[in-house]
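Per TrEMBL, the features are:
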type     : residues                                   : note
BINDING  : A:7-14, A:32-34, A:49-52, A:GLU60, A:ASP80 : GTP binding site
ACT_SITE : A:HIS48                                    : active site, GMP-histidine intermediate
Amino acid sequence: MIELVLGGARSGKSRHAESVIRSCPGPWTYIATGRAWDEEMAERIALHRADRGDGWVTVEEPVDLPGALEKAEGQPVLVDCLTLWLTNLLLENHDIATATDALMQIMERRMAPLVLVGNEVGLGIVPENALARRFRDEAGRLHQRVAAKADRVVLCVAGIPMTIRRDA
Amino acid sequence: MIELVLGGARSGKSRHAESVIRSCPGPWTYIATGRAWDEEMAERIALHRADRGDGWVTVEEPVDLPGALEKAEGQPVLVDCLTLWLTNLLLENHDIATATDALMQIMERRMAPLVLVGNEVGLGIVPENALARRFRDEAGRLHQRVAAKADRVVLCVAGIPMTIRRDA
Amino acid sequence: MIELVLGGARSGKSRHAESVIRSCPGPWTYIATGRAWDEEMAERIALHRADRGDGWVTVEEPVDLPGALEKAEGQPVLVDCLTLWLTNLLLENHDIATATDALMQIMERRMAPLVLVGNEVGLGIVPENALARRFRDEAGRLHQRVAAKADRVVLCVAGIPMTIRRDA
C-alpha cells in the first residue's frame, strides 16, 4: 500500500499521514527530509517531531531518499516530505530526473506500507521569482509521477483528507 | 447547522454562503469583518454589499467576532470572512489562540444556522514575506479548528461548491 | 459537450484535455492562445506542442478566441488556455467583459466537442502586485462564467482529473 498525501500549508497532511502509518503494526520509520537551514525551519522540524509522539524511528535524510527507503524495507515508512527533498535536490544541484527515477524504482519494488507527504504549491499566481517557478514545475512533475505509482492519493483541506484516487 | 465555506479568490464562496443562509427563515444577520484599509478594500466591501441584496442586517465587527455571534444568537448568521478577521487580529497584535478558543466555545453552543466563509490561501508557493508565511500558517490552523466543529465543509472552485465533509 | 479543465502548474491539465478531444473523431483543432513573450514562454509552448503529437491542426490566436472558435465550428476543439488568453487581454487593454460575453455566446451555440483549459491561480496568498491581484480576480470571474456554461468541470491535481460537476 502506497499513499501520496498532498495539501497546502497547515492542512493536516502530516497528521493524516501519521494516522495511516499508525494503523499498521510497528515499528514505524519516519524519514525526515528537511534541513534546518534557519531558525524558522528548525522550529518547524522540532514542532513536527513533538506532535508526532512516541513509537517512531526517525531517519534524517535530506538527499538520498531512495537509499533511505531501501534501508527501511519491510517496515511501514512515512516520508515527510517530498517538497523538502525536492528543495534540497534543487538547491544542491542534483539531477532531479535521475533522483526521481531512483524513487520510482524503489516504489515499484516496495511491499510494506509507505506514505509520502507533499505540499501542493501550484494553485497560486505564477511567482515572479524564476527559481520559484522552476520549483513549482518540478514539484508538479514529481507529484504526478509519485501519484501514478500510488494506490491512493489524498488532498488535505482544512484537516480533511479528500481521496482523489483509490485503486480497488 | 454550521457550515464552513472555503475557496480561492472569486470562486463563488460568498454567493454560495448567502444562498445557504437565504434558504433559512429570516431575518438574516451578515457579520462583515473587513476593515476598509484602502480604496481597493472599500470597493470590494461595497461590491459585496451590493451583490448581497435586501433582507440582511449587516453588523460590522472587525475584531470581536465571538461577541458579535453571541449577540446574534437565535438568528441565521453569515460571517464574511474568517480571513479578514484573522488579518485584523494579526495586524493589531491580538492573541490569535485566545480569540479562536472564544470562537470555538460560541460554535459549540450555537443552535441557529451559521455559515462562515474563509479564503483558502495555502496552496501556492511559500511566500517570501515572513508575515505572509505566518498568516498562511495561522489561516490553515484556524480553518482546521473551524472545520472540526462544522457539520459541513465546502470548497468552492469556479463557482461550484464541492462538499468535502458532511456529517449525517 | 463542453468541458472546463482547471488545475495548477504541471497538474496534467493539458494531457487530460487532449485525451478527451482524442476520444472524439478527428480532425482536432488546437487553439493556442500563448504569445512567446520571452524564451521561457517559447520553450513552454514548444514543449507542449511536442507532447501533443500528430493529428492536430494548430491555430495560434492570442486575442480573438471567440472568432477562432467560430471558424472551427463543427470540429472538436481544445483551447489551451484561458489563462494566457486573459493575460493577453489584460496586457493589451482589451475589454475583458466584452470579450467574455462574446465567448459565452459562442459557447451557447456550440454543438461540437469543446474543451477549455485554465490555470487555477486563486488558492495562494494575496499577491503584493496590484496587476497580479486584478488578474487573479478576473481569472476567477472568467472560470465561473465558463464553468456555468460547461457540461463538465474537472480539477486536475497531481495528474488526476477530479470531476467537480457533471451534468446528466
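Each Cβ is built from the backbone N, Cα and C atoms, and glycine gets one as well.
If you take the Cα of A:ARG10 (GTP binding site) and the Cα of A:HIS48 (active site, GMP-histidine intermediate), they are about 11 angstrom apart, rounded to a whole number. Ranking the recorded positions A:ARG10, A:LYS13, A:HIS48 by C-beta neighbours within 10 Å puts A:LYS13 at the top.
In sequence order, A:ALA32 make up the list of same-chain residues 6 or more apart from A:GLU60 (GTP binding site) whose Cβ falls under 8 Å from its Cβ. With a threshold of 8 Å between Cβ atoms, none of the recorded positions A:LYS13, A:THR33, A:HIS48, A:ALA50, A:GLU60 neighbour chain B. Counting in whole angstrom, A:HIS48 (active site, GMP-histidine intermediate) lies 11 from A:LYS13 (GTP binding site) by their C-alpha atoms. Spatially close to A:THR33 (GTP binding site) yet at least six residues away along the chain are A:GLU61, A:PRO62, A:LEU65, A:VAL79, A:ASP80, A:CYS81, A:LEU82, A:LEU84, A:TRP85, A:ASN88, judged by Cβ distances under 8 angstroms. A coil conformation is recorded for A:ARG10 (GTP binding site) in the three-state DSSP classification, outside any helix or strand. Look at the binding-site residues A:GLY7, A:ALA50 and count other Cβ atoms within 10 Å of each Cβ; A:ALA50 has the fewest.
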